[in-house]
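**Student:** Below are the structure tokens for one structure; questions will follow.
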Amino acid sequence: MLTSPSSRYELRMNVNQQTPMASPYGPPQPGYGQPSYAPLGGGYPGPYGPYNGPAAAYQPGAPPQGPARGPLTSAPRPVSTPQAYSQYPQGDSQNGPPPMDHSMAQSPVSQPYSQGAMNLSGPHPSYSQQYGAPPPMQQVTNQMSGMQIGSGPPTSVGPGYAHHPSTQPPISAAYSSAAPPSYTQAPPLSAAPSQPPPPSEPAASQPYYGGPPPPQQQPFPSAHHPSQPFVSSSPYLGPPSQPQAPPVSQQQSFPPGPPAQQPFPNSAPPPVSQASYSGPPPLTQHSFPPSSQSGPFPPISISPSQYPGPQPQSQPGPPPFHSGPSPRGPVPPPSMSQQQANHLPPGPMQQQQPPQPGMQGGYPTQQNGAFGQPRGPQPGYAGPQYPGQQNYGAGPAPAPAPPAQKRLDPDSIPSPIQVIEDDRVNKSSEPFTTGVKGQAPPLVTTNFQVKDQGNASPRFIRCTAYNMPCTADMAKQHTPPQSPLVCSPPLKTLSYTPPYIVDHGEGGPIRCNRCKAYMCPYMQFIEGGRRFQCGFCSCVTEVPPHYFQHLDHTGKRVDCYDRPELSQGSYEFVATVDYCKNNKLPQPPSFIFFIDVSYNAVKSGMVNIVCQELKTLLDYLPRENPEADSVVRVGFVTYNKVLHFYNVKSSLAQPQMMVVSDVSDMFLPLLDGFLVGVNDSRMVIESLLDQIPEMFADTRETETVFGPVIQAGLEALKAADCAGKLFVFHSTLPIAEAPGKLKNREDKKLVGTDKEKNPHSGESCVAQGCCVDLFLFPNQYVDVATLGVVPVSTGGSVYKYTYFQAETDRERFLNDLRRDVQKPMGFDAVMRVRTSTGIRATDFFGSFFMSNTTDVELAGLDCDKTVTVEFRHDDKLSEDTGALMQCAVLYTSCSGQRRLRVHNMAVNCCSQLADLYRNCETDTIINFFSKYAYRSILNTPTKTVRDTMVNQCAQILACYRKNCASPSSAGQLILPECMKLLPVYLNCVLKSDVLQPGADISLDDRAYLRQLLSCMDVSESHIFFYPRLLPLVKLDGGSLPMAVRNSEERLSKGGVYLLETGLHLFLWVGANAQQELLSNIFGTPTFSQIDPNMTSLPELDNPFSQRLREIIDSFRSQRSRYMKLMVVKQEDKAELIFKHFLCEDKSTSGGASYVDFLCHMHKEIRQLLS
């Protein structure tokens, strides 16, 4: 059913040059002071003057009034014994940080972004070299034009949604066709306008993912360079677009000639207010809603948001404007005269403005961020040469420079920070009820309560789209990925209430006779309750007598809300012996610790740390009842080029060592006394752990084995007839003569070839239920790609500590080890996904092994592992019934009980593309895209993988533009509301070290990151690709300061910032930070006295220090890996690593900035549409 067109949620950007003309909307509202703008020929408008810092610079004594988020806490898993069930006694569970008590206002550091119409004009910026040969600069100049922000009219496609009033600072743009896209904004709230990112310096080789940086890095150069109007790596690369006739495409080819700059309008755009969307459609025929303005450039107008609810308070600033009524029907395209008026080519009509009085001709000096360094030319790029332009980097200037070019204001394009904040404000107050089919949940960054009403909680399952296309033909129109299911079975309950456990006795779980789906809320009981019809395959099955119950007047069982499997989306069944291997109930699992005692391992201090920690850690083995002792048994082995087994039987006075030197045919030298209970043999175990460091303190053995280690653990578990986990602490490349011997193949030429892949697999380990966790302590290449295959295929984890040093890395390693040993585990697991008729699961991503096309086998499964499932169409789906998915995981609990955990998900089906784009989740799409790309690079050249991702993203957005958006100028970039962050997040994925061809990363780190991402959930991948940057200005109460965007321009020389990447924590300290701030954090008032090598903050007795350490602890508790703190002083050599994670800037390895990539994406979309 079609509803009001005013429900269209989209973001529009125009790429067309506009000439100054009288506003059709009348004068600005009274009360708005219009700044006077000097002519642009000589530099910035009068009120701005030369640029002296970022818009959100740190103001001493005037912290931003920012909203904050509370920390997330983690608690041990509650007891998972059977409970008395009632309808919702435990239905409310917390996801994310605890709720906040403070109301929050918008922070000046992040301008509020409203989805309006954006005009990406001007020549598209430079992009990386993967996109073909550069076109002639004149062709690029003629092809691109000015940029502005406007608002596109909604269409009549798709059902309506509530409107989203918000506020937005006014924006006006003047443009030239001679430079990369630039933007000028009306006076912002805090300070001067944004500036280009600094020129990128080639980074030295950095082990980003472990270990201290090598000493060869040099600090940033501080020499002053000539200023540069924009930063660009190279001329824009890519096939040029052909000019088209204006009446057809609303685009004109520009005649050759010197570039002319538009005069800046003499009046500023009107301010913004909360808009009301009601009333008749406007009479004018423009591609943006009418607004009151006095210049040719419309400000950002407010489009309806996706969710109704309370809105954040506006920032103090100019008075608002009313965006006017929303059209209720398709708006006709602009008339011929309007098109010509909006798209006049540069020519004599546009006058060059004289320089500003008091300034020399040419470019005004631009400062490097707020750091006080004038910008130098981009290395290796002399810039496009125009008549009269200064020739940077290629000798003295032959003639005076043309007027300064303004670049696109990052505050005017979609802001991840603003979207996250808006979602938090709108969706954190009310519980999210899962019973509404097709409803998109809050973002992973939002703290919200969940009420399970028949669909699995978002903490268990998230979909890329909650509306699926009804037909395969519709799905092939380059729509979003087909509802990949991102689920975290079975134990994502580390800090949540576990699902209810249902025990049906000897009969076992109730299932469909045909498709074997388990009883769930989608089963329909018929014939008075004697039979039920399966919601997946429609087969009718008899209800067992013991399960019979009468139906009420609605056709539901009268005990529906008393049974979790009939009213909940997630629950567990106690499995019978029929679900056990060999029809035998399983034994409790075992943990075996393999400790490398070669020279490097002993010398680094790893052996001593492991042995000392295990003495206390064995008291915290996983258990379901915190009051009871763990039933997990333990064993110990040390190894170098031979293996040493230890008998720690409780009856012995001292442990006994047995050496197996024949590693080519590994066997277990003892059965009784190898795997023991901790409480039974505590004295012998502690004696052993005290002796191991002493026994090998003087070792000179440098060679190690690895294959025999895994084989030994496998044989031990087979002999004990149980599942379990191997903890392997390994330091060097296994080059000793033994099965699995490896050679050094560290060669960048192997990247992307068959030789980069590893031939080994963990099939035999999976069959036994033997999970492997690998802790690596390398000082050089260890071939992580090969060593990590067994952990990844068995559901285990790889931890890597490059250049391990006991003093600085001890805390990180021990926290990882403690969490890995203590977290709830499932063993010997099998997962199967069942779907309703019409779709099927076709592809799986994660850490597991598959011996067939349907069963996902995991030797071990914990709360940090995620499995991603992709679906395809088999047949046509019905809009009435929707699509059903059931994920069932059979596993052995840490107490030795066989269980089935079931997650159910129902999504809507739609026949309109507009409905499909309405309920997408960008974070989940990026999680799926990144896993698909990281896996593809093993078989496909990296360039091909990158091009495929860019093309797929462009196809998705072009499909929306073609089929869902209203007719508008070809120069507009239109983004669906729920996917407006897709370009920025995709650019972050392309700039990641694994996919960036120029990334200075070792082969080991590349393999480590690829394996790490394969099992990340959506919240982990979100922070991994778009880190969180917090200004540490005012830390009051339990709230967090509002994050700022990941760009160097957001850093103030007088501030301190905390950056969280999911693997690292950086504390960046500006050179001009206040003495009081430094004293509160570091205990020293001067910048020079700060120790950059500290890995933990001093415990000072002041509220600021205490609150900062609490924030750091809460960040660490939210992540599966312990994040080591690195203090980065401004202009120190370590700042190169810090800037590597500022993902909206151009990277030193060639990755495009957010602004550049957005323009490139728009060019790709236009090519597809043409």
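Every residue, even glycine, has its Cβ placed from backbone N, Cα and C.
The shown structure was predicted, so the numbers you read here are calculated from the model rather than taken from an experiment.
Just lifted these from TrEMBL, have a look:
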type     : residues  : note
REGION   : 1-440     : region 'Disordered'
COMPBIAS : 49-60     : compositional bias 'Low complexity'
COMPBIAS : 80-95     : compositional bias 'Polar residues'
COMPBIAS : 104-118   : compositional bias 'Polar residues'
COMPBIAS : 138-148   : compositional bias 'Polar residues'
COMPBIAS : 169-193   : compositional bias 'Low complexity'
COMPBIAS : 219-230   : compositional bias 'Low complexity'
COMPBIAS : 237-246   : compositional bias 'Pro residues'
COMPBIAS : 255-272   : compositional bias 'Pro residues'
COMPBIAS : 296-335   : compositional bias 'Pro residues'
COMPBIAS : 362-396   : compositional bias 'Low complexity'
DOMAIN   : 509-547   : domain 'Zinc finger Sec23/Sec24-type'
DOMAIN   : 586-821   : domain 'Sec23/Sec24 trunk'
DOMAIN   : 826-909   : domain 'Sec23/Sec24 beta-sandwich'
DOMAIN   : 922-1021  : domain 'Sec23/Sec24 helical'
DOMAIN   : 1040-1112 : domain 'Gelsolin-like'
**Student:** Determine how many residues of the domain 'Sec23/Sec24 beta-sandwich' (826-909) DSSP places in helix, in strand and in coil.
**Tutor:** 0 helix, 55 strand, 29 coil
**Student:** So which residues does the domain 'Zinc finger Sec23/Sec24-type' (509-547) touch in its own chain, when a touch means Cβ under 8 Å and the partner is 6 or more beyond its ends?
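**Tutor:** Sequence-distant neighbours of the domain 'Zinc finger Sec23/Sec24-type' (509-547): 454, 502, 555-557, 565-569, 573, 575, 834-837, 884, 886, 888, 900, 902, 904, 906.
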**Student:** Which of 586-821, 826-909, 1040-1112 has the most Cβ pairs closer than 8 Å to the domain 'Sec23/Sec24 helical' (922-1021)?
**Tutor:** 586-821
**Student:** How do the residues of the domain 'Sec23/Sec24 helical' (922-1021) split into helix, strand and coil according to DSSP?
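**Tutor:** Looking at the domain 'Sec23/Sec24 helical' (922-1021) with DSSP, the answer is 64 helix, 5 strand, 31 coil.
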**Student:** For the domain 'Gelsolin-like' (1040-1112), what does DSSP give as the number of helix, strand and coil residues?
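**Tutor:** Summed over the domain 'Gelsolin-like' (1040-1112), the classes give 24 helix, 12 strand, 37 coil.
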**Student:** Could you put numbers on the helix, strand and coil content of the domain 'Zinc finger Sec23/Sec24-type' (509-547), residue by residue per DSSP?
**Tutor:** 6 helix, 11 strand, 22 coil
